Amino acid sequence: MKYCFLALFFLSQNLFAMSNPGKPFGQTPAGESVTLYTLKNAKGMEVHIMNYGGIIQKILTPDRHGKVEDVVLGFETLQEYIKDTPYFGAIVGRFGNRIANGKFTLDGKEYTLAAQNNGQHLHGGLIGFDKKVWKVEAASAQSLSLSYVSKDMEEGFPGNLRVKMTYTLSEDNELGISYEATTDKATVLNLSNHSYFNLSGNAKRDILNQEVQIDASRLVAVNKVLIPTGELTPVNGTPFDFTKPHVVGDRINDTSSEQIVLGGGYDHCWALDKPAGSYAKIATVHDPVSGRKMTVSTDQPGVQFYTGNFLDGHLTGKYGVQITKRHGLCLETEHFPDSPNQPNFPSTVLRPGEVYKTKTAYQFSVN
Ligand code: GLA
């Protein structure tokens with residue numbers, strides 16, 4: 001009898017963990033099945049997420065008239081994500097953004113990574129976390145937990161790394177993203193989500209009229225291959241000053257700014273003003289036409305604000321929309337790019353016995 005109760009207890013726990021079964025979303029070429037989960041709240045907000053790359057495929061949220069539309073770029077089918085995507089909605093890892101020349105030294109040992117972007121390492125390498133099928137740990141109406149074990153030396157990174165992450169949709173229209181990781185050898189780690197937001201709804205306009213505000217008075221300046229020079233430069237008096245809200249398009253082509261020229265617009269990490277390690281609101285985006293507003297909070301030291309400068313129109317996304325330059329914007333909360341080679345940046349080293357823990361939230365409202 002006792003065992004019977006125990007069995008029922010574990011079964012019910014398991015049923016609770018999987019109270020959201022999701023929907024089949026196709027298979028990878030290797031035959032792994034992918035499932036798409038819909039998180040929903042009572043306010044009518046929905047977030048669709050798949051366990052391939054942990055990709056956020058849709059975020060449906062109301063405008064000021066209550067019209068619910070999609071505010072992220074992406075595709076209708078898994079095959080399109082597998083074929084060619086600029087990281088739409090994906091988790092990037094083991095190391096988000098660039099590492100100079102695809103090399104870093106840790107504890108006196110040099111590691112070599114894929115240098116697939118202009119001779120630099122980008123977003124975890126050739127088959128980064130964005131292209132892995134993650135294990136579904138638990139799925140309910142309002143949350144999804146995924147895990148992935150990255151083997152020692154996968155994509156050149158040392159240590160068996162165990163990652164667990166959870167997406168949670170709250171009743172106040174906030175999508176929370178939390179990550180946890182441990183390793184059995186010292187390694188470097190920089191996880192982020194690469195959603196391209198477009199608050200116009202269903203990507204019907206580019207993002208140039210949208211207003212952005214970032215709580216950062218310094219920029220992580222870059223060189224011509226978008227690797228940090230090591231300097232944190234004041235944004236004051238430059239097109240990078242978003243301490244007060246600014247329309248994205250206003251200064252994006254201001255070629256008197258060397259950093260604008262180097263980035264081809266905005267493609268930089270802002271060094272956030274909040275105290276190190278603290279969790280705070282760090283940025284907002286507002287679309288004056290639809291009234292949609294997004295507030296970003298994080299405990300990370302930086303945010304990569306990228307305005308889709310490399311989107312060149314060769315992809316057609318959901319709703320049949322051609323994805324042209326500046327059709328979406330990313331606010332990737334993260335440690336500064338190239339931190340493994342920059343002794344003065346906050347450390348991205350994770351050692352055995354330590355737990356990497358971080359969270360970010362995107363909250364939607366109207367104004
Ligand atoms: C990041 C980088 C950009 C670009 C995109 C992906 O945000 O900073 O330069 O590589 O990812 O296309």
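Glycine is treated like the rest: Cβ placed from N, Cα and C.
What TrEMBL lists as signal peptide is 1-17.
The beta-D-galactose binding site feature in TrEMBL is assigned to N97, R98, H194, S195, Y196, D267. According to DSSP, R98 (beta-D-galactose binding site) sits within a strand segment. The 10 Å shell around the Cβ of R98 (beta-D-galactose binding site) contains 23 further Cβ atoms across the protein chains shown.
Residues annotated as active site, proton donor in TrEMBL: H194. Look at H194 (beta-D-galactose binding site): DSSP puts it in coil. Long-range Cβ neighbours of H194 (beta-D-galactose binding site) (same chain, at least 6 residues apart, Cβ-Cβ under 8 Å): Y87, F88, G89, A90, I91, V92, G96, H123, D130, C330, E332.
Positions annotated as active site, proton acceptor by TrEMBL: E332. Counting every protein chain shown, the Cβ of E332 (active site, proton acceptor) has 25 other Cβ atoms within 10 Å.
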Of R98, S195, D267, binding-site residues neighbouring ligand 1, Cβ under 6 A: D267
Neighbour-count leader, CB within 10 A, binding-site residues: N97, S195, Y196, D267: N97
